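So the structure is just underneath, and the comments pick up after that.
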Amino acid sequence: MLLKNCETDKQRDIRYACLFKELDVKGNGQVTLDNLISAFEKNDHPLKGNDEAIKMLFTAMDVNKDSVVDLSDFKKYASNAESQIWNGFQRIDLDHDGKIGINEINRYLSDLDNQSICNNELNHELSNEKVNKFSRFFEWAFPKRKANIALRGQASHKKNTDNDRSKKTTDSDLYVTYDQWRDFLLLVPRKQGSRLHTAYSYFYLFNEDVDLSSEGDVTLINDFIRGFGFFIAGGISGVISRTCTAPFDRLKVFLIARTDLSSILLNSKTDLLAKNPNADINKISSPLAKAVKSLYRQGGIKAFYVGNGLNVIKVFPESSIKFGSFEVTKKIMTKLEGCRDTKDLSKFSTYIAGGLAGMAAQFSVYPIDTLKFRVQCAPLDTKLKGNNLLFQTAKDMFREGGGQIILQRCHSRYSGHISLCCIRFGDFFCLKKMVYCQTGKDPEPTTRSGHSKQPGCTSNGCIQWNCRSFCCLSNQSFKNKTTSPRNICTSLCV
């Protein structure tokens, strides 16, 4: 069993001084927050680039709250932190051999999540995924551990067959010593009573994979959606969600196309009356109210679902192309960056992969989107309804410009879509980090079945303005030859 007090006070002071020297990048005996951030970058600490975590750590180190950490502050912090780290080490090191193996870390993290890894045969596949994730965390937290890796039972290996030897050379043979454990967790902030859990939460929060949901929404998931069952489930949910929101999409297209409607938020009724002296001031209302009345007079409730069938049709091909192209793009970016695995991709490369995947998916379904918009922009007094209107609109489009008209103005759509993917992902990530720093908990915990975690309504709402102008440009270009910024704002402000 490892003894806690195996080093003298003098040795401990020397070690503290050496650690503090690594953080004191300017060598003036004082460490500021900026110095600590620079030290993490210089020493290639696993939490480098995570300003929120470093700020929390600096606050804990600044014992006297003077915004500066000196050697005295650091010693007080380290002494208290090491006592907590030792107690945690003892709880994980069940065999008390002074070493922690990866399996012991797996069990501890699983207990924190109230999830079993080894004793659930029904979730064997999921368990393997969790073990692999914990293994990646082990490598992330202890990148320099290779020099200290030991293979247990090496003496007995000489007497065993090659098959037995290969069985023993597994992840379970990897371990870290208490010194390595202490040196890593000493520079990790403590939340919810566990530095290890905090470290794992940061690893999970900033090193997980990224995918795209329907309409190019960036989705963070535990592992890439696998299996035909998940694909079908995602498609069905997309069909339901699009059907539920079809009336809002119908109103959106109506307002974009009707450039003659003026917003009562941007203009006073007096100004609107001056432009149209014959109008009744009592009947001047919001464009949204006019849109609802006009559509209802056209065909009742059914009028709000015009074009929804095309929306439903494109769900499955769009999703399959999106996920497939995203994986292919990630592999290409992995080769360009020289990474061994897509998990090691930088966030910038993930942005690019997400944007390109969104563009590929949009390109594949753009003809359907174009046809849907034309159908929704049909004259209100038209006698054609349903499939007759759909087929007639398709024939008219083909006669007007053949295949070229299908891809007309698609560059505006692409510009808005790639910005939507990148901005939504960045905004969601920032908001998620803010929530985590305030609560110390993952704002969207992992589900056991591996279901995806989508950006919340706040992050979605914050960035819709950024890409909506591109959609207006694209859609109005089909309806009219010219588009003015005022018309775009009018369509947005109802």
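From the backbone N, Cα and C atoms, a Cβ is placed for every residue, glycine too.
Quantities reported herein were computed from a predicted structural model and do not represent experimental measurements.
Of all ranges given (51-68, 231-248, 375-392), Swiss-Prot attaches the label transmembrane segment to 231-248. Check Swiss-Prot against the ranges 169-188, 189-208, 409-428 and you find transmembrane segment recorded for 409-428. When the ranges 287-306, 307-326 are checked against Swiss-Prot, the one recorded as transmembrane segment is 307-326.
Within the listed segments 98-115, 260-277, 458-475, Swiss-Prot records transmembrane segment for the stretch 458-475.
Distance noted between the C-alpha atoms of Glu104 (Ca(2+) 2 binding site) and Lys65 (Ca(2+) 1 binding site) is 37 Å. A separation of roughly 33 Å, to the nearest angstrom, links the Cα atoms of Asp93 (Ca(2+) 2 binding site) and Asp70 (Ca(2+) 1 binding site). Secondary structure at Lys99 (Ca(2+) 2 binding site), as computed by DSSP, is strand. Packing around Lys99 (Ca(2+) 2 binding site) is summarised by its Cβ count: 20 other Cβ atoms lie within 10 angstroms of its Cβ, all protein chains included.
Taking the C-alpha atom of Asp70 (Ca(2+) 1 binding site) as reference, the shortest distance to any of the binding-site residues Asp95, Asp97, Lys99 belongs to Lys99.
Taking every protein chain shown into account, Asp93, Asp95, Asp97, Glu104 are the binding-site residues, and of these the Cβ with the most other Cβ atoms within 10 Å belongs to Asp93.
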